[in-house]
């Protein structure tokens, strides 16, 4: 049963990929959706068996790589974090598959799309169930490949090509941290198996010396792992691929940003918590990176006009909360917020897809408005998702995001206060852009074309059912799972995310945090909604006032242009690497040294050598007799004197001298 959870999506993807042309669009869609749905049902059974009793299940299938001290096997670990992630991944993916049946029904390449979507669903369980670093890395790279294929699905669109390439390259930058981190763990612990590494995590205290600086081994490994998580989970510096990934179909955006790719980095940090608990420097860096990302993404989203990009920036902001929750050593709360976020974020994306699908693929919110009467169900679904996103009391998001902020406050450190205030301010901006999205899309007077208004319709049944189920999750999952997953005294996690006693602050945040601290997120959420209500009905006058003031115009451009991150990265990094790749790698190495010393140089050398030898063919017999006599004499002489000459003659230098003489001669000619 446990293996079927992982391999059923692979079965559906393989059949749809190889036999999709025979099954047709409907056959491929039904097959892949059925496989993923059965995997979701089996995940619920695995959750019931593993999580309540904290009884982990370990399956060792077969040896994979065995070389002296290096031993990696095919093994699957099903503990509490794993089964929680499996429920999130398979349930969200099954609903996205069901939604895609109607959404992609008019696309001629629907079987290929369903194949890609199922292979993404396969690689994510492969990542979360791996019992060693290499198997996790296999799923890690597979998720990146599947995301590239899905973003690039409409490959005839130039922007889709650029977005997919950007996502792949940015994630490769993160992998430059993850791969050395895995190698460093093997160097330090002589194994890639998680259980062995975590059991020995507290033992080593040695340091590595690099660039005249001393680094603690565990700290360096954790920083490298964090770089990998920053690339995959769209944290500051590597967040630019996430909004551009909106060029793919809307079900792709829902799957990537709610349940699969961006959650991989958060899960990896939670899985490696026994390593991250010991170096305080690594925890401070994680907290700072997460808090900065939440603030950056929230401030960027307030002035975006693309419907899906606003939701994408909210994903980056919420991922920042999850990351800095790990930085304050509350990995269980981070995974709990990851689960809650998956439901309301998938709901927002699928609701946005219903609007875009009905409005002839229009994504600019300024060209919408007045759609609440035409889309009553979609409006209700997006309202529920937005309220849960901003942490409205007693909805799903409230039970995790507010707990994270309270934990950051009761950390009583500089990094904790930094995270608390940036996170609280981010709540204000999150509320603003969430209600701005609702006002511009559904409530303000319409700006749409008449033909779009006349043809628009609410979501059909196959698209409405997933949205309704996700809305129920956005309303009740947080309330139902709070005490079980993060309640005081719960044994749900069974030390799987390890927290040292000195870092355990959950009880203090529950009872010692001031009341005003607990009310700050609600006050900021209300303030953001109030500002959005008063600004956007008169958005034209507001923007005109911004444009007349020089400072406000620059501030508007700064946020609208995404803090100029793309421009800075392109001007200072991308162009430098492209110039290096052309002038050094291509011209100097590939077309220079490698070709001269390689095939071109060898062929040229033998061709010139043949030309020189051919010049010796004079046609006179006495010339040949003299050459034979001279050659025989030299051969006998050198063969007799070789023992004494061998120590003075270098064969390689002689060969280089002979070859260079041909080049010298050719240059003189």
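Residue positions begin at 1 at the first shown residue.
Note that Cβ sites are derived from N, Cα and C of the backbone, with glycine treated the same way.
Just so you know, TrEMBL annotations are computer predictions that nobody has curated.
Some features that TrEMBL has for this protein:
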| type | residues | note |
| --- | --- | --- |
| SIGNAL | 1-16 | signal peptide |
| TRANSMEM | 27-50 | transmembrane segment |
| TRANSMEM | 57-77 | transmembrane segment |
| DOMAIN | 64-114 | domain 'NADH-Ubiquinone oxidoreductase (complex I) chain 5 N-terminal' |
| TRANSMEM | 113-130 | transmembrane segment |
| DOMAIN | 132-419 | domain 'NADH:quinone oxidoreductase/Mrp antiporter transmembrane' |
| TRANSMEM | 136-155 | transmembrane segment |
| TRANSMEM | 215-234 | transmembrane segment |
| TRANSMEM | 254-270 | transmembrane segment |
| TRANSMEM | 282-304 | transmembrane segment |
| TRANSMEM | 310-330 | transmembrane segment |
| TRANSMEM | 379-399 | transmembrane segment |
| TRANSMEM | 420-443 | transmembrane segment |
| TRANSMEM | 463-481 | transmembrane segment |
| TRANSMEM | 621-642 | transmembrane segment |
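Note on the domain 'NADH-Ubiquinone oxidoreductase (complex I) chain 5 N-terminal' (64-114): DSSP counts are 29 helix, 13 strand, 9 coil.
With a cut-off of 8 Å between Cβ atoms, the residues of this chain six or more beyond the transmembrane segment (420-443) that come close are 291-292, 294-295, 297-299, 301-302, 304, 307, 310-311, 313-314, 317, 320-321, 324, 355, 365-366, 368-372, 375, 379, 382-383, 386, 389-391, 401, 404-405, 408-409, 411, 520-521, 524-529, 531-533, 535-537, 539.
If you look at the transmembrane segment (282-304) against the transmembrane segment (215-234), you find at least three C-beta pairs under 8 angstroms, all six or more positions apart, and that counts as contact. The transmembrane segment (113-130) makes no contact with the transmembrane segment (215-234), as judged by fewer than three Cβ pairs under 8 Å among residues 6 or more apart in sequence. It is 136-155 that, among the stretches 27-50, 57-77, 136-155, 379-399, 463-481, forms the most Cβ pairs under 8 Å with the transmembrane segment (215-234).
Through the fold, the transmembrane segment (27-50) approaches residues 1-2, 4-6, 8-9, 11-13, 15-16, 20, 56-57, 78-80, 82-84, 86-87, 89-91, 93-94, 97-98, 100-101, 104, 110-111, 114-115, 117-118, 121, 125 of its own chain, all at least 6 residues removed from its boundaries and within a Cβ separation under 8 Å. Sequence-distant neighbours of the signal peptide (1-16) (same chain, 6+ residues past either end, Cβ-Cβ under 8 Å): 23, 28, 31-32, 34-36, 38-39, 42-43, 45-46, 57, 59, 61, 76, 78, 86, 90, 93, 111, 114-116, 118-119, 121-122, 125-126, 129.
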